[in-house]
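Read the structure below first, then the notes.
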Amino acid sequence: MTQLIAAPQLISAAATDLTRLGSIVNDANTFAATRTTALAAAGTDEVSTAIAALFDAHARDYQTIGARVAGLQEQFVASLQAAGGAYAAAEAAAANPLQSLLDAVNAPSLALTGRALIGDGADATTPGGNGASGGWLYGNGGNGAPGIAGQAGGNGGAAGLIGTGGAGGTGGASANGGTGGAGGWLYGNGGTGGAGGNGILDPNYGIVGPGGTGGAGGNAGLIGTGGAGGSGGTTAGFLFSAGNGGTGGTGGSLYGDGGTGGAGGDGGTLLRGGAAGNGGAAGLIGNGGTGGLGGPGSTGGTGGDGGRLYGNGGTGGQGGHGLYASPNPGGLYDFHHITPGQGGTGGNAPGLIGNGGNGGQGGSGWHGTDAVARTTTDAAPAGTSISPVTTTSATPLTGANGGPGGTGSPTLNGGDGGSGGSVTSTSAGPTGGAGGTGGNGANGGAGGNGGSATGTDAGSYAFGGRGGNGGDAVGASGTGGNGGAGGGADASSAGFAYAGAGGNGGHGGVGVGGGDGGAGGVGGNGGNAGLIFGSGGHGGIGGDGGLGGSGTPGGAGGGGGNGGNAHGGFGSQGYPAGGSSTSGGDGGDGGDGGASGRGGAGGTGGNGGNGAKFIGFGGNGGDAGTGGGGGVGAVGGAGGDAGHGGNANGGFSVLGGTGGTGGDGGAGSDGGAGGPGGTAGGAGGQGGLIGSVGSTGGAGAGGQGGAGGSGGAGGNAGASGSGLGGSTGRLGQAGNNGLPGDDG
């Protein structure tokens, strides 16, 4: 027999759309008629007149056909509207007697008990209100309403003879979730428990206050599955605990599985998470419910027991993962790492026949944190710069040296060195003051520039001051300070000028080491089997170790200072007198990359459950967990670029300076070693009168070692200064690559 389902509201909407479409087509036909039915001939000849008449005839035929189609479209729309009205009228006529009949059936029950005989219970609408119960004969329970801050969620309504219990409402901030409603007495599943409320949200401090406990799942009746427990609420404050997961509901007393336990709440980054809810127990026949997932660091929920006649125990829940706590020695609070949770124990099979539940897997260890270089604040004081001096004395005069930059700390930048004093003199040999050395600090301070020297007497000598060296970085991954530029020299009146050399760049800082990964959690124990026949549950697998963290890259070396410029009336030299021709400062060496963390060890496997007393095999012990992978090696810092040689111009003897040597790149760090695999597998369970002992779990695989870090690039060589004889300096050498870490 063919069945037809009609939706009157959709039919009415379709008729409206067709009416609109017909109107658009009619408007288009009217517009075309004025331009196609009265075409003028292109000429007075017979051919033009015949062509115009042909097109006019075609246009009139089209308009005639269009009018007929429009009439058919109007008739179809009218029929469609009439059909929709007929369907709506028939539906209303059928609904009224049925509703009247249902009202008549429910009226005595409502008058006597306040509860309908047939029908679903109403959902609660007021905050924290309970859902209404379903009809006595048939009907689902109504859902509980969520609570407001501090108010528990409403409980789900109970079903009648047949039906599903209503879901519990979510708890308000820091309040518990509502309990799921009971399933039907004859048949029906229990309702899901409401989730616990999260901690109170404060606009200034985030989530504070404890998380609420999840509501328990509703119990089934004679036949049915218990409802799942609600998850626990989250908290982020370190003074309050996270909410526990709700327990799964009990399965039907004749047949049905227990409900799944709720997951434990998240305790934020500082505290252990909430405990997981246990799985619900079965009735006479059925399997126990699965335990819930443990909150961070908490044990997984225990699996529910199987049926008293026949049924398997539920699987234990997985343990919560571990958390890494940054050390805060000497601070107001010094938090410790949160170890991963143990896997939940598998449920027992207390009946005559049934297997014990498997233990849950242990939680994973925390991943080692990637290192972070410390942030810097201000810089230490700069060295004193010396003011220029002008004198007409015949005594040779040397400018004062610039003051050294202040020494910083691992979190305070070094101060810049002061500039050397400049000198203008009529004496035979004025000398500029040397620049001050940059201070060591988180980032090295820059060296001060050398002072310039100007000799005004004929035949005088002028010597530029040396630039100060850049400070070394003592902070993690800090950058070395740049060397100061050499001072210029000017002896234009038939004299000799010698430029000052640039200072060397400071060395980059060593990177910070990454954290080690945490060990995995212990696997849960398997449940015991039934009395007559059944195998013990297998032990849970140990949790995997956490990955090792990566170190920070080494800091870059500082750039060497450029040599000064020399201008002499008779001779000029782009480097100091009486020494090497190199006047560009050497680049600083890059820092080595920070060490990488070691992977965490795999967790121990859980023990297998015992087999049935008469016929049964012991459960196998769980395998130990896999070790975590080692952290990736950090890159070495780049060497600093060398300074350029000093320029020389003027005079008969013009000698350019040689550029400095680029700094060597820092060495990349070795990759972190992989964590060792867990060595202790779980013990096998005892067999029955007929049956063997379970096998011992195997050792876990070791973690893979991390890749070594790349060496830092060498610094660029300094270019030669202008003039004869100058040459380019040497390139810095690249740092050595780190070695791969050993496998666990």
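Glycine is no exception: its Cβ is also placed from the backbone N, Cα and C atoms.
Feature list (source: TrEMBL):
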DOMAIN    4-94  domain 'PE'
COMPBIAS  293-322  compositional bias 'Gly residues'
REGION    293-328  region 'Disordered'
REGION    340-440  region 'Disordered'
COMPBIAS  341-366  compositional bias 'Gly residues'
COMPBIAS  367-382  compositional bias 'Low complexity'
COMPBIAS  384-393  compositional bias 'Polar residues'
COMPBIAS  400-421  compositional bias 'Gly residues'
COMPBIAS  430-440  compositional bias 'Gly residues'
COMPBIAS  544-572  compositional bias 'Gly residues'
REGION    544-602  region 'Disordered'
COMPBIAS  581-602  compositional bias 'Gly residues'
COMPBIAS  661-729  compositional bias 'Gly residues'
REGION    661-744  region 'Disordered'
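With a cut-off of 8 Å on Cβ pairs spaced 6 or more residues apart, the compositional bias 'Gly residues' (661-729) and the compositional bias 'Gly residues' (400-421) reach fewer than 3 such pairs and are scored as not touching.
Counted as Cβ pairs under 8 Å, contacts with the compositional bias 'Gly residues' (341-366) are highest for 293-322 among 293-322, 400-421, 544-572, 581-602. If you average pLDDT over the domain 'PE' (4-94) in this model, you get 79.
Beyond the ends of the compositional bias 'Gly residues' (430-440), by six or more residues, the same chain brings 380, 383-384, 386, 396-408, 414-424, 446-455, 460, 462-474, 481-482, 484-485, 487-489, 500, 503, 506 to within a C-beta distance below 8 angstroms of the stretch.
In the compositional bias 'Gly residues' (544-572), helix, strand and coil residues by DSSP number 0 helix, 5 strand, 24 coil.
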